[in-house]
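Working notes, beginning with the structure itself.
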Amino acid sequence: MTDGLNKAAVFICHCSGNISEHVDIDAVKKTLKAEGISVFDYEYMCSSQGQALIKKKIVEGSLDRVVIGSCTPSKHGTLFKKCIQETGLNRAGLEIANLREQCAWVHPDRTGATEKALSLLRAKLKRLENVEPLDEIKVDIAQQALVIGGGIAGITAALNLADNGVSTVLVENNSSIGGQMAKIGKIFSPDKLAEECAMCSLSPLMNEVAAHPKITLLTRTEVESLSGSAGNFTIRLRKKPRYVKDSCTACGRCSRVCPVQVEDEFNCGHMDKKAISLRFSQSVPKIYCIDPDYCLQLNGEACGKCADACKNEAIDFSQKEEIVELNVGAVVVATGFEEYDVSQKPQYGYGIFENVLTQMELARVLGINGPTKGELLRVSDFSKASSDPTPATCDSRCEDSSDESQGTDTPKRIVMIQCVGSRDEKEGGNRYCSRYCCMAALKHASLIKKKHPETEITICYIDVRAFGFYENYYRAVQETGVNFVRGRPAEVIEKPDKSLVVRVEDTLDQKMRELPADLVVLSAAMVPSPGTRKIASVLNLSQDESGFIKERHSKLKPVDSSLDGIFVCGTAQSPKDVTDTIAQAGLAAVRARAFITDSPKVLDNEIATINQLLCTRCGECLKCPFDALSVNESGRVVLDPLICTGCGYCTKLCGEGAVQIAGFTKLQLKAEMEGVLEEGDVLGFVNSGIASLTCDNIGNSVLTYPSNVKLIKVPTGLVVDRDLVLHAFRHGASSVLFVEDPPDNPRAEVIYPLTVSHFEELKEELGDSGNRIYFKKAYVPNTKGLAGTFTSLAREGEMIR
């Protein structure tokens, strides 16, 4: 690109005051214009009008370099790249200065924020002086999608994709799809002011999945790893055996003769099942499954009764685990939630007192195929029976509970405690509202009142959050005689007869109350399932501080994950009810289909480049931990762009400087340092992955740090050598901090130890100056700790300044 600054311009976004209220944009413009730089500002640079302004000025001024001062590049980086490319400008000619998350939002001092904004813009201008055009790398996108999780979100996404012609693989780690919705018995219908059978809605969809020609269903299967790049992901799956062939007719003979009883997780442990069983009566696929942890035959004891009983010869003890590899263009994550572990709140007696349940456990008690066959009983009053191998199906009985009685009294007094583990800033709690708990309590209260109007029900609440049409449902439940006490109970006490007392302060009349109860039901928070936490790690997806998978932008890209080509929906993304889950799953499917059909795809080519003139064929770079480099037939080192992660380890290995990362060359990094640094500054080299997101989240979390902390994004700290660190010191840096991704995903598990070793080597190489470099592992939830590190180092820098 041309030399000099006459072909460059700066565009500054006000961001509706998010930037302009903290940064004096007029002062920034005046200073830059005095330096001979064209500067333009607009209220919303990301809007169609803002983009039109950028394109107009590029064409009018024959610009070949553009700096946009706006929010973090992770929000609108792709949008702005497309914007400038529409004018014919190479995307390498764009730099985005983060004036919001890493300036305006973290520096309350307007003068300091303005000075830093100037330095960030100057740094990007300097960086562009050394830019080289990036060639486009195009690849065809695999025409297959993967949906992870077989609950209502995964089912909805898979059917939407398949119905629109996309070949889809649906993976579920349990023996049946259905997820949590299969357990809840009833769903509330606010428009009808009634409750409806959940399985009546879910079961047809499950069967549609099984029969769909475009869907491959893999149960008892987990995702082990992901490699490749967006549009061409290689997914490695581990499929566990059922020990039952597909020829199983689900007659139930095997289960009837099985001598082993195990706790039934589907019924929350309040019922037993056999070691060979269906997960529930409407399971899909409707094939029995043997639990290898409890099966006598699989644990070396002579049994085989199930095999003897099976007339279809479907029992197969020889089945082994399988490894399945898929090539997919897009992934939808729908791994769901689990209930908060309410035993973390021992004051409520869960796990101590028999008659304290969660709402999910109550749902199973009220279910016709639950431990009491739908009869409302205290746990202490019913015996733990084995599940029927051919239990009740979803027929007319879903509108009525069983007439069978276990000869005990229905609980006369029930107390429900809301927000257990949510809206709770104490240890073990979660700050967020789980959104579904209030409605679940109202639903169960309504169901019980309709069948047992004499039962007294009291709901202890902080606020009843019933939005939209749900307010009508809330009022309808109130009219049935359900009592509401505003207050968070202090404790639950058990009496000798197993009855309970709930102590609570009613904050409306400011009186302490002792509420007698035969049954206490805890509305537990919705937390990420183990599968959600695991898949976020395996796929290297950003998570919020609570462990839910974080969307790229809550408004503009609510189902896009932090990685291109991977989408998230349902309760894997945040707490929500069935209605919102289905809506979001449909959107995720639309986004995944659009991504797959947009073929060929232009790759992000911030990957390794090899200068063949400098390369001595020493072979050191072939130690790439991802095997992205190889030697071709002519003896040249070549790169596989689909494998290269752009980590920069090869740049460290190459002693000739023949390998560099496109967009992060030494010249570019040095120029950016020269533009941003002043005497006494703290310079942070920030990994462009999780670490960069964590830095952005400092601003999102309304935390602050001094304005003499300057951050430069790098692929990883491996691209920063001794020469670059010394360059930083020569240009005023008091200290240099390496901020790296934690080793909590497969890629980072490889790279993190390399960055640690590299850092230790640098300290040694730098001698006395090694005491001025620091290393920080950045977890997304630890924004406060990272801000504290910045502040501590900045104070040392102020002393030098």
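Each Cβ is built from the backbone N, Cα and C atoms, and glycine gets one as well.
Per Swiss-Prot, the feature FAD binding site maps to 149-172; the stated evidence is sequence analysis. Secondary structure from DSSP puts Ile152 (FAD binding site) in a helix. Listed in sequence order, Gly179, Met181, Leu202, Leu205, Gly570, Val578, Thr581, Ile582, Ala585 are the same-chain residues at least 6 apart in sequence whose CB falls under 8 Å from the CB of Ile152 (FAD binding site).
Mean predicted confidence for the domain '4Fe-4S ferredoxin-type 1' (239-269): the pLDDT average there is 96. Here Swiss-Prot flags 239-269 as domain '4Fe-4S ferredoxin-type 1', drawing on sequence analysis.
Cys254 ([4Fe-4S] cluster 1 binding site) falls within a helix when secondary structure is assigned with DSSP. Cβ neighbour count for Cys254 ([4Fe-4S] cluster 1 binding site): 26 (other Cβ atoms within 10 Å of its Cβ, all protein chains included). Annotation source Swiss-Prot lists [4Fe-4S] cluster 1 binding site at Cys248, Cys251, Cys254, Cys310.
If you look up Swiss-Prot, you'll see Cys258, Cys295, Cys303, Cys306 marked as [4Fe-4S] cluster 2 binding site. Over all protein chains present, the Cβ of Cys303 ([4Fe-4S] cluster 2 binding site) has 18 other Cβ atoms lying within 10 Å.
Within its own chain, the domain '4Fe-4S ferredoxin-type 2' (285-320) has Cβ neighbours under 8 Å at 175-176, 210, 217, 219-220, 241-251, 253-260, 262, 275-279, counting only residues six or more beyond its boundaries. Taken from Swiss-Prot, the feature domain '4Fe-4S ferredoxin-type 2' covers 285-320.
The feature region 'Disordered' is assigned by Swiss-Prot to 382-409.
Here Swiss-Prot flags 606-634 as domain '4Fe-4S ferredoxin-type 3'. Below 8 angstroms of C-beta separation, residues 134, 640-641, 643-651, 653-664, 715, 750-751, 754 of the same chain, each at least six residues beyond the ends of the domain '4Fe-4S ferredoxin-type 3' (606-634), sit close to that stretch.
Long-range Cβ contacts of Cys618 ([4Fe-4S] cluster 3 binding site) within its own chain (separation 6+, distance under 8 Å): Gly655, Glu656. Swiss-Prot lists Cys615, Cys618, Cys621, Cys654 with the feature [4Fe-4S] cluster 3 binding site.
The local packing around Cys624 ([4Fe-4S] cluster 4 binding site), expressed as other Cβ atoms within 10 Å of its Cβ over all shown chains, amounts to 21. For Cys624, Cys644, Cys647, Cys650, the entry in Swiss-Prot reads [4Fe-4S] cluster 4 binding site, with the evidence type sequence analysis.
Taken from Swiss-Prot, the feature domain '4Fe-4S ferredoxin-type 4' covers 635-664. Tertiary proximity for the domain '4Fe-4S ferredoxin-type 4' (635-664) is limited to same-chain residues at least six positions away from its ends with a CB under 8 Å from its CB atoms, namely 92, 132, 134, 137, 139, 227-229, 232, 603, 605-629, 714-716, 718-719, 721, 747, 751, 754, 758.
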Discussion item. I need the CA-to-CA distance for Cys303 ([4Fe-4S] cluster 2 binding site) versus Cys254 ([4Fe-4S] cluster 1 binding site), whole Å please.
Written reply: 12
Practice prompt. Please list, for the domain '4Fe-4S ferredoxin-type 3' (606-634), how many residues fall into helix, strand and coil according to DSSP.
Written response: 4 helix, 6 strand, 19 coil
Item to complete: Go through Ala158, Leu161, Cys295, Cys647, our binding-site residues, and report the one whose Cβ sees the most other Cβ atoms within 10 Å.
Response: Ala158
Worksheet item: How many whole Å apart are the CA atoms of Ala158 (FAD binding site) and Cys295 ([4Fe-4S] cluster 2 binding site)?
Response: 33
Fill in: Additional residues around [4Fe-4S] cluster 2, ordered along the sequence, whose Cβ is within 8 Å of the centroid of Cys258, Cys295, Cys303, Cys306
Cys254, Val257, Pro259, Val260, Lys274, Ala275, Ile276, Ile290, Leu296, Gln297, Gly304, Lys305, Ala307
Response to the item:
Row Leu170 (FAD binding site), column other C-beta within 10 angstroms, all chains, value 29
Fill in: Spatial neighbours, same chain, of Ser167 (FAD binding site) - Cβ under 8 Å, 6+ residues apart
Gln143, Gln144, Ala145, Lys214, Thr216
Worksheet item: Of the binding-site residues Cys251, Cys310, Cys615, Cys650, which one sits closest to Cys258 ([4Fe-4S] cluster 2 binding site) when you measure Cα to Cα?
Response: Cys310
